[in-house]
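A short worksheet on the structure shown next.
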Amino acid sequence: MACAGLLTVCLLGPPAPQQPRHSAPAAGHALFQDVFRRADKNDDGKLSFEEFQNYFADGVLSSAELRELFSGIDDHLTDNLETEKLCDYFSTHLGVYRPVLAALESLNRAVLTAMDTTKLEYEQASKVDQFVTRFLLRETVNQLQALQTSLEGASDTLEAQAHGQRLDEETIKAQSRPCGSRRAGRRALRSISWSPSWSPGSSDTGRSSEAEQQWRLQVNRLQELIDQLECKAPRLEPTHEEDLTKGFDSHILVAQRQVQVAEDALQDFHRALCCYMNFTGAQSHCLHVSAQKMLDNAAFTLYEFWQDEASWRRHQQSPCSKAFQRTLIDHLQAPDTLTTVFFPASWWIMNNN
């Protein structure tokens, strides 16, 4: 009996060691990886202090303070900070934004799934189903834009308070001195558009710069799909020897913007361009908006047709237009060229066929 028991023990052997369980990635980890990958210009998985400073400089922290922060995260003092360490550092400081970033990651997956399905099924769907799809996309965009506006308002307010001065004063100073960091350049073009009722002590949505970027990314993706689903075409027909009348509505304004996009930023720029064109085309005083891309390079020409100059100038101050101008700062190889010209309003004939 003892031999049988010993034989059983030998056959069974010791229990297999349990495999260690890998914990799920922390909320926002994937988002941070994507963000810091863009900051890593040479794609070596690390940030030098120069790369760190170029990306994080906001005009508030001094270079010495940024160096102190960099050294505090880079505990080995290698002067090359691994992006994973940056992810871990910010993950420990998420606070109330932990569920926000987790929701953004879930939203990103859900939107991509919905868009892929829409691209496959839209053309074969009935007219009613196509109408419903466009309606749902528009409403989704509206909800995201509302959240984005709240985030941008909070962001602008906090940055203004951090500088201890009004944003319009910051804009004037930024225009009168050499351009600093990428983020400082963005502020120089940002309009005074925050909600006046929001303050850091209020209970409304707070600031999360990465959350703001993700909301804008989702809006751009949805707007790009809407732009693919709907299209209108204009034509101009001049009359001969026409007697022109004077007045604010006697001429239309055509604005031409020429841009040269960096090759590695084409995808992000195209999304932002589609978002801007969709928003602009929906304005009541905008007659038409269209864009052309050169086949042999990354050059684009954007055309906007407006009922009058005043409407176009008001549009230039809108949050969407300001966001597009910030995109130009980030993604262009050289400053854009903007030209405006007036045409007799009677030349404009809209082709609805």
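From the backbone N, Cα and C atoms, a Cβ is placed for every residue, glycine too.
Taken from Swiss-Prot, the feature Ca(2+) binding site applies to D40, N42, D44, K46, E51, supported by sequence analysis. Positions annotated as compositional bias 'Low complexity' by Swiss-Prot: 193-203. Marked as compositional bias 'Polar residues' by Swiss-Prot: 204-213. Annotation comment: Swiss-Prot describes 27-62 as domain 'EF-hand', evidence class sequence analysis. Residues or ranges marked as domain 'ABM' by Swiss-Prot: 253-342. Residues annotated as region 'Required for interaction with APBA3' in Swiss-Prot: 172-181. The region 'Disordered' annotation in Swiss-Prot covers 193-213.
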- Looking only at the domain 'ABM' (253-342), report the model's average pLDDT. 87
- Query: Setting D40, N42, D44, K46, E51 aside, what same-chain residues sit with their Cβ within 8 Å of the center of the Cβ atoms that define the Ca(2+) site, listed in sequence order?
  - Reply: K41, D43, G45, L47, S48, N80, T83
- Judged by other C-beta atoms within 10 Å of its C-beta, the most isolated of the binding-site residues D40, N42, D44, K46, E51 is N42
- Which residue counts does DSSP give the domain 'ABM' (253-342) for helix, strand and coil? 40 helix, 32 strand, 18 coil
- Query: So, in DSSP terms, is K46 (Ca(2+) binding site) helix, strand, or coil?
  - Reply: strand
